[in-house]
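All remarks here apply to the structure that follows.
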């Protein structure tokens, strides 16, 4: 266990919790679309909101971030309550998808930066960034028994990999974090947004 | 990693291992109902018996409890052997369900108390208590490819949340553990028992 | 967290990475057989190649091995690229299955030996050895939505248990590692090989 006591990079707490709320809402929506109970809705909000960051922290050898921060669980439960009490058509349409795209890009950058801050080499740090952004949604899909976002040709994990990879590269090149992180997050967000607008898909395997 | 060397709250070891055996037996039964082999039966007994506590420990930043205690793995294997060698109709009926309800309530309380003892705030500690009681069964269901207990409207995760939440509240109010833990466990056990006897279900999402 | 700074047992690095590559290739092949994209192929290569060892390390209370070693992620990505760029019929036939059988036996021994080196008792150490060899493939199967190797009557987890168990027993008996590890790995490899050649299966549960 080589863990430096280090200032973890972070968004201003308000933005960080907002990002967790967006992911938690997407998990809660998956549950109410399956007509689940409120308790199940909370559980889906939790695994989607904190699953990716938890797996990242545990792989680095750290306590999961939401264990040390009492606000995260409160935000997750409030997100579940909000979804439970409102008509699901409020949440249809593209607003949530755009918020999710932004959350994905931002969390991939923050996850990569946190790994780098704990001494992880650039390539595994970028992998941990992708894990931060994507694994919560994968656990949600596995628990719900639906095909994972991982299995669809949409540019989702790819956008995550772009943000995480750029963050690792910019940090290795000593680009100031304010610039490097912003460009990395915007690039992944733009790619995911373009994929949503123009239905861009990656080619699938064709060699026989 | 902020881990105080702390006396972990625990049942008398005999009762603790008995609870693990109940969960392990339920995992082994899931395997033999699918006509699996003995090795697979052992694996299901393991993930069901120790899965929830392992996820709790790892999220707190601890070594999983059964890694440090050679008796746990032995009890899990003995449970699998017991199920394998006996006719499965011995295990039908309600005895195992009542034992599972008791195990659920007790482990949710112990999981919450362990998290509190390691300095986790009350709300995330209660979440970890629910994780302790429920996640082993969820991993069992995902591996078996059957719908998780999480997805059924039965009061199962809800009973877990009641026990874990009461444990966190009583501890915050400085109720003596002998009282607080017992009342918390009995409340969850009573709710789960009532749900089994009267088929109580939570309402599912209806807002449109 | 009781973690001794200890020389972790290891293969010569070249062989260790070769074993990871074999597992990563089997994960990448599962992805291309489902006609997935390149990014998904990389993700499957990753979870299959490093999943088992990661779960072992995290349960022991360690940082996952590939977080500290930048080469592992590079080998995983190269394996995914190799599979992506070559016709999948190159990989059919038995070569990959034999390589997987060898990788399984070797990683079960190494996983057990690593756990023993960190002070884990023999029985849980052998369980962690089986986890090292088998869990990556299980995560791959769950993500892909196909029945896990765990659920098939083939001697796969059994061969893993043989290698891991022999390694733990030989170490407890102070057999020199060069001998004990080799015999343990060969026994598991031979059992898995015999199962492939003669289609040996374990009996499934029949008691009613």
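Including glycine, each Cβ sits where the backbone N, Cα and C put it.
The structure displayed is predicted, hence computed values, not measured ones.
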Per TrEMBL record, range annotated transmembrane segment [choices C:98-117, C:118-137]: C:98-117
Residues flagged as transmembrane segment in TrEMBL, choosing from C:39-58, C:179-198: C:179-198
Beyond the flanks of the transmembrane segment (C:12-31) by 6 or more, those residues with Cβ under 8 Å of it: 40-50, 52, 71-72, 75-76, 78-80, 82-84, 88, 91, 96, 99-100, 102-103, 106-107, 110, 136-137, 140-141, 144, 146
Arithmetic mean of per-residue pLDDT over the domain 'Glycine transporter' (C:98-170): 90
Long-range Cβ neighbours of the transmembrane segment (C:98-117) (under 8 Å; 6 or more residues past either end): 6-11, 15-16, 19, 22-23, 26, 52-53, 56, 60, 124-126, 128-134, 156, 159-161, 163-164, 167-168, 171, 177, 181, 184-189, 192-193, 196
Intrachain residues whose Cβ lies under 8 Å of the transmembrane segment (C:155-173), provided they are six or more past its termini: 101, 104-105, 108-109, 111-113, 116, 122-123, 125-130, 133-134, 149, 179-181, 183-185, 187-189, 191-192, 194-195, 200-202
Secondary structure content, the domain 'Glycine transporter' (C:98-170) (per DSSP, counts of residues): 60 helix, 1 strand, 12 coil
